[in-house]
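Asker: Sharing the features that TrEMBL gives for it:
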BINDING   B:Lys11, B:Gly12, B:Gly13, B:Val14, B:Gly15, B:Lys16, B:Thr17, B:Thr18  ATP binding site
DOMAIN    B:6-218  domain 'CobQ/CobB/MinD/ParA nucleotide binding'
Amino acid sequence: MVFFKSKQNSKDVAKQRLKNIIANEKNNMTTEKLDIIKSEILHSVEDYFTVDRQSSEVYIAEENKEAAIVIILPIAKDNV
Amino acid sequence: MGEVYVITSGKGGVGKTTTTANLGSALAMMEKRVVVIDADIGLRNLDVVMGLENKIVYNIVDIVEKRCRINQALIKDKRFEELYLLPAAQTNTKMDVKPDDMVLLCNELKEEFDYILIDCPAGIERGFENAIAGAEKSIVVTVPEVSAVRDADRIIGLLRDAGLNEIHLIINRVRLDLVKKGEMLSVDDMLDILAINLLGIIPDNKDIVITTNRGEPIVTNEKSITGQAYKNIAKRIMGEDIPFLELDIRKNFIQRLFSTS
């Protein structure tokens, strides 16, 4: 029944899921693993800065078949 | 003590993974503690069918190579409290796990779960040997096509050779319209050829395409006849005597399903 609630076609959901899976697979990475990396990095960085956890991001970016891990850790305002 | 089932078919693409995911979900809906294991190392898919692909951290090879404990690799399902997935590794090969490793793993899981369902890879090589090693019971999935039934027959022989004598059959993607016209092998035809216990019949239905696109189980869809068929199979696994769907056109078909237990 769940699928009647959503406006997005199931084929679009399928395509998006496939894109994510294939991108992550190349790097043997999953969202959960990225979350673990993120919390480990936060743990180290927070010894020196107060990080705005809400806006921090870790993801894999791909361009021209090259991948990079992108880490964005905004420093909390009260720290600057 | 839990029961270990291997879900196998020989031929690929007949619905082993979908069956594993939905039977696991259906058993969990009925408050059983269930773990589904993806034994297709190198080509995992059960995670995707269950919509858990983003949650994988450790996998079965990490357990075997002692990089993590079993509980660390188990992924809790999104919907059912009592359902867990043990994912396959994607970068290793089937040779990285030995049948003995599977026996040890299943023995440990049996202590904690009511049902352990192993999704077997296609083929009859190492992946198959691994998948059946820890199992006590087996479910053969087939579809009404000559090639699939022939492979099912071969697999049944291999299961018996391995001493797995409790073998149940699920016939997937049955189209009653074609069966009625005599243009598709009937349940009867397939039982004549394969001569094993019928556990269930799954009608061919578009619902399954939609739910699989979304990584959802079909058993949560109350209206779906396919979902109902899977729930009926789960009940039969639990020992209930559930009549087969209308779609089963075999007359006077009364067969004790669990005659061996």
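The first residue you see is number 1, and the count goes up from there.
The backbone N, Cα and C atoms fix where each Cβ goes, glycine too.
Owing to the predicted nature of the structure, the values given are computational and were not obtained by experimental measurement.
In terms of burial and nearby residues, how do these features look in this structure?
Answerer: Sequence-distant neighbours of B:Gly13 (ATP binding site): residues of the same chain at least 6 apart with a C-beta under 8 Å from its C-beta are B:Ala122.
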Asker: List the other residues in this chain whose Cβ sits within 8 Å of the Cβ centroid of the ATP site residues B:Lys11, B:Gly12, B:Gly13, B:Val14, B:Gly15, B:Lys16, B:Thr17, B:Thr18, in sequence order.
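Answerer: What remains near the Cβ centre is B:Ser9, B:Thr19, B:Ala122, B:Val141, B:Asn172.
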Asker: On average, what pLDDT score does this prediction assign to the domain 'CobQ/CobB/MinD/ParA nucleotide binding' (B:6-218)?
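Answerer: Mean per-residue confidence for the domain 'CobQ/CobB/MinD/ParA nucleotide binding' (B:6-218): 96 out of 100.
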Asker: Translate the DSSP assignment of B:Gly15 (ATP binding site) into the three-state scheme.
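Answerer: For B:Gly15 (ATP binding site) - judged by DSSP and reduced to three states - the answer is coil.
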Asker: Quiz question: given the binding-site residues B:Lys11, B:Lys16, which has the greatest number of C-beta atoms lying within 10 angstroms of its own C-beta?
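Answerer: Top count of Cβ atoms within 10 Å goes to B:Lys16.
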Asker: Counting Cβ neighbours within 10 Å across all chains shown, tell me which of the binding-site residues B:Gly12, B:Gly15 comes out on top.
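Answerer: Checking each of B:Gly12, B:Gly15, the winner is B:Gly15.
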